[in-house]
């Protein structure tokens, strides 16, 4: 089959991604005779579209899957999508809003129907995009976290945890989004520094007494001046929450206030008194050293309140208005309107001492951008530190303890290992997990209430009624309206996708999975919870290795986000996009539409011509090249261009091989002799160069095997690039041209055999990283190599993955080739030094010290003539007397036989020597300047030293040439 003149990825990708799936090549088996390799796709939001982070981790996962599939493993890469409670509900609510309808107008049942309709229409968008990336999961196992099998598992797990006393309902402080009207997880809260204010407010002593407050100190820190006060000053960034204050805390070691601990204060604007308490939480150096304690509206205050048994007074409604627990003057006001009124009233009463600008971290909802409120609400929680009861896999240990043990004892390995510390730190400081959400879309909590509020947790309503009847209640039951946190169902994925609670063949074969590929930002939210739930319900760990990768940032190191307008869609990198379409994508749906103009400006500046189409393989190779363990990635589009060129290079190399091999005897007769086994003049006669490329191939195969074992895709990509581009294309193909043009028939057969065998092996080696181009090329190359059709199917992805054979490493051939390379480089350098036109072919003379060396040098002659563009190559006992420069390689001397205008050459060399002298003097002057060396970055100083060394080496060569003239 003739290859097209240039590599056009679009048609190849469209054909093969359909063909592979249609032929069933992705489908996993549970063959007991094969080792298992399984991997879970972190389920993307069903609402979502791909971003570069998906492109990155799916390149890694697919590379691992294809590699193990080719090595004969039962490979199960299990795909799925997440119902994404909040995200999905928001999308559908926005659609209704455009029709001037709210979800409350529809009612819960109709609204949920609408969400399912939307999911069925658009839920395949992201899986279609995953296919575009060349991903090869077993689509027959695709799941949705709210499909029937997963819902059944979620209910079963919830009921069992309640029965075991590990899920409870209670009133605790949670992150509350007042726009969405629900609790949200920490991951859905974005805290960024903003400009705010600090208000200093006077809280009067309730008994009207006064005390001496130090206002001046000597050098030793002793007070020297005091003033009489009948109040203390509290500093706060949220004056509206003072309506819920229940105490003021001071540092127990703070001598300014020690004597006041236990006294009562009058809470301004409220007819209440609150105590002064001592607590280590207070930093006496910050603000005034007095902290208002509002347990119902601050997480730290909540902890202080628990320690001191303080009341919790909630002063906000669920939509963030002042409620009935506050003075009537503020009831019904929005929290920020209340803030203004409270500050004005404090000022009017002479209680506002100071207002000053203050930078503070403000928590906002990632989807609504509203300020998140710590809110005291009734929620369901998983007990993270409570010992599990008898009858569970690890009785007497909490699910957190077990999760820590499984990493500590090595059953789960974290890569890089430093993430183990982060994992441990999070789990050692864990709080009970709030798992309820006040949404309509999600797994509705399987709990029913009787008329007196007693709860019955059950697998279905009939079971709940039976439990109520057994408890002596026969009235109506009302189901809990809350749904479960999306992370709850996600935490069950390792076993909910394998048939649990039944011990199915899948469950036995693929749990634990081999590796989890994930970003560090969800180690706690997802990874740790999967460990907890899987160990608790199956006794097994969910995975053996956790490969933690960094975040993908833009080329300047900025985090990619919609609000910054710097996100990149991997499909746009595959297909290309013009600048107008790119601007439109980046500016639609912004939370702050005012950002659109600046985003458009920066986008047009960075991509004036839009983004070129690079194809999937180039994008995947780029991702692999970035995949060093753990580091954040500054994504540079120019790398995609470089790796598109790499794909073109591989395509063109294959065309060259096919043009030189098709229709010829390529050395593949029955039972041909292996490389190196045939005598000269036999059927095949392998050269040193043939042996060299085969030897280098073995080393590359070994390096790549190590890269896969260590999850170092950056090393895999580097090994592939270096061998394919540098060794095979730049050197061996050029050598092969010489052998085909000048060799005997046996040498030509050996060359063609080597060209094809090495190329076919290259394609199999590179397939896990660049699947499309390797499949397309393999289909044309394999038939020429004597390939026998595979009963399982004729695809590269079903071929065995290459393994290094130590017996084929040939150090003698490697040394020979290293010498040829050095001589070629020497000739090219001589041409450069003499400023010869690339088109000018000149003779080369090489001096040999003895007949053995002469024979060896003669073996290089035909190659040097072609590689260095020489008219002829001669070996002599001694070089002729000539002003021409000489290069020494080992013990051999090389000279280009060229007539030289001595006067002109002396003048040229004089000018160049003077220039280099000047550069060295200038650089040494910098390095001799103590101020420069002290202030300049170490890298700049090192570069300057390197310049001096390079200039000096060149200068010495030029002076030698000048002396000869």
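Here the Cβ of each residue, glycine as well, is placed from N, Cα and C on the backbone.
Summarising the annotation, Swiss-Prot assigns ATP binding site to 562. The coiled coil feature in Swiss-Prot is assigned to 803-835, 900-965. What Swiss-Prot records for 44-54 is motif ''HIGH' region'. The feature motif ''KMSKS' region' is assigned by Swiss-Prot to 559-563.
The local packing around the residue listed as 'ATP binding site', expressed as other Cβ atoms within 10 Å of its Cβ over all shown chains, amounts to 16.
When Cβ-Cβ distances below 8 Å are used as the criterion, the motif ''HIGH' region' (44-54) is approached by residues 81-84, 87-88, 91, 119, 122-123, 125-126, 129-130, 133, 144, 519, 551-552, 560, 567-571, 635 of the same chain, each at least six residues removed from its ends. Residues belonging to the coiled coil (900-965) score a mean pLDDT of 80 in the model. Under DSSP, residues within the motif ''HIGH' region' (44-54) fall into helix, strand and coil as 3 helix, 1 strand, 7 coil. Helix first, then strand, then coil: DSSP counts for the motif ''KMSKS' region' (559-563) stand at 0 helix, 1 strand, 4 coil.
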